[in-house]
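Beneath this line is the structure, given in structure tokens, with notes to follow.
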Amino acid sequence: MSSVCALLLSCALFLVAHGSLQERRLYEDLMRNYNNLERPVANHSEPVTVHLKVALQQIIDVDEKNQVVYVNAWLDYTWKDYNLVWDQAEYGNITDVRFPAGKIWKPDVLLYNSVDTNFDSTYQTNMIVYSSGLVHWVPPGIFKISCKIDIQWFPFDEQKCFFKFGSWTYDGYKLDLQPATGGFDISEYLPNGEWALPLTTVERNEKFYDCCPEPYPDVHFYLHMRRRTLYYGFNLIMPCILTTLMTLLGFTLPPDAGEKITLQITVLLSICFFLSIVSEMSPPTSEAVPLLGIFFTCCMIVVTASTVFTVYVLNLHYRTPETHDMGPWTRNLLLYWIPWILRMKRPGHNLTYASLPSLFASKPNRHSESLIRNIKDNEHSLSRANSFDADCRLNQYIMTQSVSNGLTSMGSIPSTMISSTNGALTDVSQQATLLILHRIYHELKIVTKRMIEGDKEEQASNNWKFAAMVVDRLCLYVFTIFIIASTIGIFWSAPYLVA
């Protein structure tokens, strides 16, 4: 039994040694008189046809700011080398052999739009040569390609980037570069979390230069990338919309709360922060403004305008009759027309269309108020005159009373004279009593007048406060409509919303 095993092992070792000898002989025969600088064609006037295919593995990153795309891909080259053909039967049925890159001829095809520091970033793998002379070379690499990023619809944008491959020294009459069947292979593609890849295309071009009549072919492998919007929707757009809607709360706060302007300024700073994030993500170009930037700018304009109107509302709220007089146009617009349009109700006032004054009418009852003011001024002058007469008569009464007392104390004065004097004093006393009552009436009238004037001042202040409420309510409606309309209008213009 042991002798049989030894015999089988010896046969196996002989076959292996014989096979390795066949492969060595094949390498020696193929490399004999071979020059890797020679184009593998039987006739030098014929071009070498090279087929190229790109097997995309992964989109690593898209740097919008620097306009660079990082891609992991395999390049698949095939061509025929007539110097590397052999008969399988003569070499132990060997079907293929491997050569290191540079050992045999290979096309000088490069990625034209590479921005890598080494320019050619492929790994130089072995080349597989088949007995028919077909050479198959698959060098993998991490490619950094320049791509013009169109940020007009960011983050609802689609980018079209491409690989441009072409020979660096051979023209089209010496090297014919053709896309292989299934030129862009994405069967092993690992999906990217930020970019979807709905379409890939291949295109061959021939370019003629002024210096040379020969064509220079190149092959473009296009990547049609569509940005996924979920991240931007939840991390930028929704917070910005909610922050902008907070400006509407500022129009519902009463001015006496003290936090009205603080809220608006805080929201404005928040929008500025979001806008700075978008500017950092976008490339520094002046060709277009990104859609998201337009949205944030619109939000910032809304918040800025709301801050300005909040200041105006506070200014109206704290106005007094001593500092401001409400004009007829302002009165009719803010106290009648706009409240009626907005269906605002004010206690003690019933607004109907029939009771609305003309928008450009003068101040109501202005002439009657002037007439009343003149009458009151005359009455005040008359009261001053009556007060002067009352003072004279009162003084006369006091002097007469003093004289009467003096005469009574003097016994030499006749009684008839004293009687007549007492009668006169009685009349003067009655008149003095009436004058004192008139003085009291006059003082009460002054107090009443001051109370009426105070009520008028309070009513004027309330008018200013109500006007501030009207402006607040008007801004609430206008800004709500504008925010909704602008948001729908901006995002409705995007080529897509969900990818």
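Every residue number used here counts from 1 along the chain in the order it is shown.
Note that Cβ sites are derived from N, Cα and C of the backbone, with glycine treated the same way.
Per Swiss-Prot, these features apply:
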DISULFID  C147-C161  disulfide bond
DISULFID  C211-C212  disulfide bond
SIGNAL    1-19  signal peptide
TOPO_DOM  20-232  topological domain 'Extracellular'
TOPO_DOM  310-473  topological domain 'Cytoplasmic'
TOPO_DOM  495-499  topological domain 'Extracellular'
TRANSMEM  233-253  transmembrane segment
TRANSMEM  261-281  transmembrane segment
TRANSMEM  289-309  transmembrane segment
TRANSMEM  474-494  transmembrane segment
Distance between C211 (disulfide bond) and C147 (disulfide bond) at the Cα atoms, whole Å? 28
Least surrounded, by Cβ count within 10 Å, of the disulfide-bonded residues C147, C161, C211, C212 is C211
Please work out the mean pLDDT for the residues of the topological domain 'Cytoplasmic' (310-473). 67
Treating G and I as helix alongside H, and B as strand alongside E, what does DSSP give for the topological domain 'Extracellular' (495-499) in helix, strand and coil? 0 helix, 0 strand, 5 coil
Residue pair C147 (disulfide bond), C212 (disulfide bond) - Cα distance, angstrom, rounded: 28
C-alpha spacing of C161 (disulfide bond) relative to C212 (disulfide bond), in angstrom: 29
Sequence-remote partners of the topological domain 'Extracellular' (495-499) [C-beta within less than 8 Å, at least six residues beyond its ends]: 153, 156-158, 196, 226-230
Three states by DSSP: which one describes C161 (disulfide bond)? strand
